[in-house]
Amino acid sequence: FSQASHRQVLNTLFGCVSSVLQSPVFTKQPGSIVFPVDSQEKNREVVFSCEAQGSPSPLYRWKLNGTAITPKSVSHYSLSGGNLRISHLDKDQDAGTYQCLAFNSFGTIVSREASLTFAYMENFKTHRRSSVSVREGQGVVLLCGPPSHSGDLTFSWIFNEYPSFVKQDTRRFISQETGNLYIAKVEPSDVGNYTCVVTNTVTKTRVQGPPTPLVLRSDGIMGEYEPKIEVQFPEIVHVAKGSTVKVECFALGNPVPSINWRRMDGIPFSRKVDVRKASGVLEIPYFQQEDAGTYECVAENSRGRNTVKGKLSFYAPPHLIEKPQDVQKPIDDSLVWECKATGKPKPSYRWMKNGENLESLEERIQVANGLLSISRLTLSDIGMYQCVAGNKHGEVYSNAELKVIAVAPDFSQSQLRSHTMVKEGGDVLMECRPKMSPWGGISWRKGISILDNGNLRIQNATKPDAGLYTCVARNQFGVASSSGTLMVKEPTIITTPPSTLDVTVGESIVLPCQVTHDPSLELKFTWFFNEQLIHFGDHGGYFEKVGGQHSAGDIMIRNIQLRHAGKYTCAVQTKVDSISIAADLVVRGPPGPPTSIHVEEISDTTASLSWRPGPDNHSPVTTYTIQARTPFSLGWQAVTTVPEMVGGRRLTATVIDLSPWVEYEFRVLASNAIGTGEPSKPSKQARTKETSPKVTPANVSGGGGSRSELVITWEPVPEELQNGGGFGYVVAFRPYGATGWMQAAVPSSEASKYVFKNDSIQPFSPFQVKVGVYNNEGEGPFGPVITIYSAEEEPGRAPTRIRAKSLSASEIEVSWKALPWNTSKRRVLGYELRYWEKREKEEAASVQRTVGNQTSAIIRGVRGSNTYYVTVRAYNTAGAGLPSVTVNVTTKKPPPSQPPAKVMWNTLNSKIILNWEQVKALENESEVTGYKVLYKRNRHSRPSVMETNTTSVELSLPMDEEYFIQIKPFGEGGEGSSSRQITIPRIPGPNAIGSATKVSTLSALSTIALSFTARTSL
């Protein structure tokens, strides 16, 4: 080929490769299979899965034990996609290690290894076993001897007949390694036939061995002997990372030995090991490096002990931690790939290319452990490479593709910018990045001048530097070029000088930013506050752009706050340059909160405070104000201080007039010429010292109680006025006119009552009483002396001449003869009426009391047509006296329940005429004796009432008002149900007709036609 055609072919080839083709990558790899042998199934088969993606779609090959498999039509191997199907399995011919190979035009990759093994189990060959004869107390081992098999087994033993299985305990143990049954100490109950049952965990096949009879010898009982370990684990057990390991240990002995486990390095078992379940089997789940070490099994009884040791060795299959990645290299370049893996033992490495082991036949290809290096790459090096890391416990594969590129210079994807701009005096970089492989030479020309190779940098550009620039690239496959124009623009200059601005909280200010610039370029203004971008419209609407001219980016800050103080930066940007200027804004405002408020000293009524000044916000502090708060105050309160006015230079003060024994918090506020700032954080709580109390209880009173009692009550003194702990009351009292005082201490700050009881106290006797206070610091004053009466006795006589009569279905009037109102010491404060229905018991009676010297009362709310019993008692503060005789009364029938119906109305010459149907009482209701007509001018006024014993009424009312009317029947049982409320509108004419349910037309005789609405409501 010519050089041009060679370049065209390479460009076409690698353009297609990069855009269409893809190397093979496994999406599914084969896994190992254990196949259960079943002679009864003739068409036995397995399928190994293998799937890869790539473009073109990969093809597949398989290897068995490193030898290629050739599926044929008559072969028992067949391919479905990448999956290998093996029919008519033969365990001798098909067992082994399989690998899948996937390949396309990029190369070949090899899957991980997968094994095919066959699980089976034959029957026991012997049919009888000799009996085993032992003494009582002797240990014995019954051998299982499992038949020929492949696959994991589990063992159990039948005792005599199925399904009676041997249960394992400290005396009996079944080894899952050998299948043998161990009895540490034989007892008479152990005599019988034992059958070993073997189960293949893969095939699920179960076979039984011949029974072994166990009999007792008759020549005596075995004496005690030290443990003899019969089941012991190997000296070294190799355990895979993350697996579960079980090691066995069991001993014969008399008495039955105990089995215990320990680590020889003294490290205790981790929590994942259940030592309670250990006994004859030590199980360690999720085995890790730290679990490796030497373990000891200790068998011990009263005759001695025996031990056995074994080592658990940790191993881990390889795990890749660093893999080679797909690379694309230019021809003649160098390649270095590194592959790293963890594992124990330490993995070894080998490299494969396109499914075959890579040998270092050429000096330029070097393989050292996990490192592959290839120098002076050629097109023959293209392909799929695999790093294989392995140890005796497995192998892992990683794939990587190597592409070697040979391309003539090409600017189609990386043309020079058609126009590049730079400010006058600035620097500019013109980049030249063609696609070519290998990398060749780069040169520049402007007109006929050749400039520097590679990218072109022009420093301190001037107007003559403007013009057309061309980049030329060449290698052994060809030459290409690309051109672009450089334009030199005038620089942007900010004409506003840097400044420091001073403003007070609440004011507004304009921050200027004005520039000169190249008129052909657009300007972009951006503002920053303390290096953070200002988003106009956010920040609570404080910031606003006000620069109206093209070359001005001024902003206004409205209603400035303290937080707006700081550095403001105006950044101006064009397509060719950017520039910025900063202004410092000082905001004066009320002082910040003082700090470190500390109570230096505190007494019962004073506290000495100190604090440190907060920020003055550019205006000196003139005064400090101190506030206090207690659990009893409503928020923060101003306090009195010494000095009374705390100046701005003073950082201490004494608070006076505090309450003793109260917890206080203090805070300080600073003020300056602008205003008062935020308060400080509160001080720690401090309690004032105790002192004797000064405040006595309020509202001292009393009286009442039981016979021979003097009851004294008061309002407790609030906690904030108790002045100390151990607060209580001193109650002093004496009979009226006596000279000496009796005193009693009430040791509770919450107490509000004291009762003095003495049989010598006469009922309703006057006493002089005063209540004082005390606390841990001493006694306080007594309050004023007041007079209180002792408890009185209940009235001693019952009321007489009790009368009861029914007023209606719901009301009973009761009358009696009054007792003397205030004779001797047995006052009568009123009367208590007790009433109950005939079918009820007296204990369920309702109670109604009167006050004063009344001689009658009305009981309301009773039920009609019922008989009630009534008694009357006199009462006072001591309680109710003797009951009167019981009288009975039967209430009247209930009033009519039906409301008046067909209520009609009309107006005639300032009169309202109402008519309605007669209400008929039901059988259990009282007869209707009349009707009440209730009418009012508006809904909220009190109604007027007119009574009538007919079914019509005439009301003389002015017609310029709206009226609301209801009608109720009544009888001796009381008032019945009301009719619906009738609304009669204002009537401008002389007459109208209506009803409670509809509007009637006017009489044809009317000379005036009226229009109105009759409204009804419940």
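Glycine is no exception: its Cβ is also placed from the backbone N, Cα and C atoms.
Keep in mind that TrEMBL annotations are predicted by a computer and have not been checked by a curator.
Positions annotated as domain 'Ig-like' by TrEMBL: 24-117 (among others). Secondary structure of the domain 'Ig-like' (24-117), assigned with DSSP and counted as helix (H, G, I), strand (E, B) and coil, comes to 4 helix, 53 strand, 37 coil.
Taken together, the residues in the domain 'Ig-like' (122-208) have a mean pLDDT of 91 on the 0 to 100 scale. The feature domain 'Ig-like' is assigned by TrEMBL to 122-208 (among others).
Residues annotated as domain 'Ig-like' in TrEMBL: 227-313 (among others).
Per TrEMBL, domain 'Ig-like' is recorded for 318-403 (among others).
Residues annotated as domain 'Ig-like' in TrEMBL: 409-487 (among others).
What TrEMBL lists as domain 'Ig-like' is 491-580 (among others). The residues of the domain 'Ig-like' (491-580), classed with DSSP into helix (H, G, I), strand (E, B) and coil, number 6 helix, 42 strand, 42 coil.
Residues annotated as domain 'Fibronectin type-III' in TrEMBL: 593-691 (among others).
Look at TrEMBL and you will find 696-793 (among others) tagged as domain 'Fibronectin type-III'.
Annotated domain 'Fibronectin type-III' per TrEMBL: 798-894 (among others), in sequence order.
With helix defined as DSSP H, G or I and strand as E or B, the domain 'Fibronectin type-III' (895-990) counts 0 helix, 42 strand, 54 coil. For 895-990 (among others), the entry in TrEMBL reads domain 'Fibronectin type-III'.
Feature annotation from TrEMBL assigns region 'Disordered' to 675-707.
Contacts between the domain 'Ig-like' (24-117) and the domain 'Ig-like' (318-403): present, as 3 or more C-beta pairs lie under 8 angstroms, all at sequence separation of six or more.
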